[in-house]
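All remarks here apply to the structure that follows.
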Amino acid sequence: MDACLGSELAGVVRKSRVFVVGTGGIGCELAKNLVLTGFQDIVMIDLDTIEVSNLNRQFLFRKYHVGRPKVQVAREALLQFNPQARITAIHDSVFNPDYNVNFFKRFSLVMNALDNKAARNHVNRLCLAAGVTLIESGSAGYLGQVSVIRKGESECYECQPKPTAKTYPACSIRNTPSEPIHCIIWAKHLFNQLFGEPDADEDVSPDTEATDEHDSGGHKSGGQKSGDLGEHGPGGQQSGDQNSGDLGEHDSGGQGEGVPMSDGLSDGVNGGPVQSKLSTRQWAENNKYNVEKIFTKLYQTDVEYLLTMKQLWEKRTPPTPLSLQQLTSSSDNDGDGAGGSDGCLPDQRVWSVHKCSDVFQLSLAKLSAEYRSKGELTWDKDDKVSMDFVAASANLRAHVFNIQRKSRFDMKSMAGNIVPAIATTNAVIAGLIVMEALKVLAGDFNKCKQIYLPRMPNPYKKLLVTCSLAPPNPKCYVCSPKPEANIKLNTNSATVVHFKKRY
Ligand SMILES: Nc1ncnc2c1ncn2[C@@H]1O[C@H](COP(=O)(O)OP(=O)(O)OP(=O)(O)O)[C@@H](O)[C@H]1O
Ligand SMILES: [Zn+2]
């Protein structure tokens, strides 16, 4: 080691106490690199336990470790590389107030290997307060990024706004879906309206005030990751359908739970304006979560009502309402998802409309029973029944609106915003973190870089793109001595409740 680093830096490395936050994909690679570089005093924290799905890339873990805390197993593996190293494993969340400014002050360097913005923000702020240099990193598929944060000398994690999640206009979700993703978001909203935490911005009924997409006033529904590093990357953000961004302007016009709902088969069937104002949850409860009534409302009554909004269909193919009776009397057996003859796994086959209807009815009955016994449910792509419900509901909507149906497999990755993790990317990023760490410890902070691993080599044929560290944003509300925050809000529609919820 002395020969590689020079005896002075090797000595500093041996004496340095470093803190690794997260021992997942990047964290495993990083911890191994640190031990092999000669670091002898390493504190690691991770709140998670090992899952089978981690094993393809978190190579310090084996199948027989599944269920054990990641950080403890990582420690045991690292001690095999160097039994003399002092490695402390903390199985806990970094949010625990025990890990306060004084705790952070004990380290020569902190390295993040996290997967979410909230924890990154937290560590960023603690490092700034403690005056410790932080190396921030992230990866998403083939993309990766490393940067070095030091108070007053370089941009902090929160100096620049993060790219916002791709959102879809509420009118495309509620009234005029044209892509599978619109139907998937609608189905996730439906899950929340029926069983989860209902959000007025996620209404699934027709927006009765819309005359065309741009008049509906709603552009906030259904955020999805937009292909940046997302929450995995240093420039990332919370995933999922969180509606971030400005307040009021694109809001759904304060309809709250008062969007007119048909209260059964009668209202709206003939295309007349529905009378009662009920939330989807209230309506479903009044109808005792009757599967047939819910099916009829979603795929027949509401669609018939939408058809009465003639302007919506002047330049679009109108939807075709679907009734349960129609399904029972027709035969439609192709692609029932059973798998087999075409060599596809069952999840990869596109379900027939019949199959969608069966899965919809079955999963709806199961979820409503679960909701009755447990109370509000949380949607989870890995929960079979919840995913079945979303896949079936979305495909039925796609069928009604003449949109291509998708396999459960495709739906899962779209609904769960899944970006596959790639071991090689993590390995490259972890190597770069150590390179930056060595510069920091050698006192060469001015040589530190912000490094990007793009999908393809850049025009100069470079696979790693390095930039000088940007100076801190003088207005940053986290690290600047004179913080500023600008909030854009539409005083015509913004309410105190919305304001508190969003900010
Ligand atoms: N607040 C936190 N405190 C401590 N560790 C955290 C915190 N938030 C996230 N982590 C850890 O950061 C690591 C990030 O690793 P990675 O991005 O590979 O995610 P993963 O959960 O292992 O993988 P996947 O999300 O694909 O299942 C995880 O091990 C996770 O437990
Ligand atoms: Zn800042």
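The backbone N, Cα and C atoms fix where each Cβ goes, glycine too.
Marked as Zn(2+) binding site by TrEMBL: CYS156, CYS159, CYS476, CYS479. The DSSP secondary structure for CYS479 (Zn(2+) binding site) is coil. Summarising the environment of CYS479 (Zn(2+) binding site), the number of other Cβ atoms within 10 Å of its Cβ, over all protein chains shown, is 23.
Taken from TrEMBL, the feature domain 'THIF-type NAD/FAD binding fold' covers 12-476.
With DSSP states grouped into helix (H, G, I), strand (E, B) and coil, the domain 'Ubiquitin-activating enzyme SCCH' (376-412) comes out at 22 helix, 0 strand, 15 coil. Among the features that TrEMBL reports, domain 'Ubiquitin-activating enzyme SCCH' is placed at 376-412.
Residues or ranges marked as region 'Disordered' by TrEMBL: 197-279 (among others).
Annotated region 'Disordered' per TrEMBL: 318-343 (among others), in sequence order.
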In the same chain, which residues outside the set CYS156, CYS159, CYS476, CYS479 have their CB within 8 A of the centroid of the CB atoms that define the Zn(2+) site?
LEU128, GLU155, TYR157, GLU158, PRO472, ASN473, VAL478, SER480
Using DSSP reduced to three states, classify CYS156 (Zn(2+) binding site) as helix, strand or coil.
coil
Neighbour tally for CYS156 (Zn(2+) binding site), based on other Cβ positions within 10 Å of its Cβ:
24
So for CYS476 (Zn(2+) binding site), how many other CB atoms are inside 10 Å of its CB?
20
Give the sequence-ordered list of residues that share a chain with CYS159 (Zn(2+) binding site), lie 6 or more positions from it, and have CB atoms under 8 Å from its CB.
ALA470, PRO472, ASN473, CYS476, VAL478, CYS479
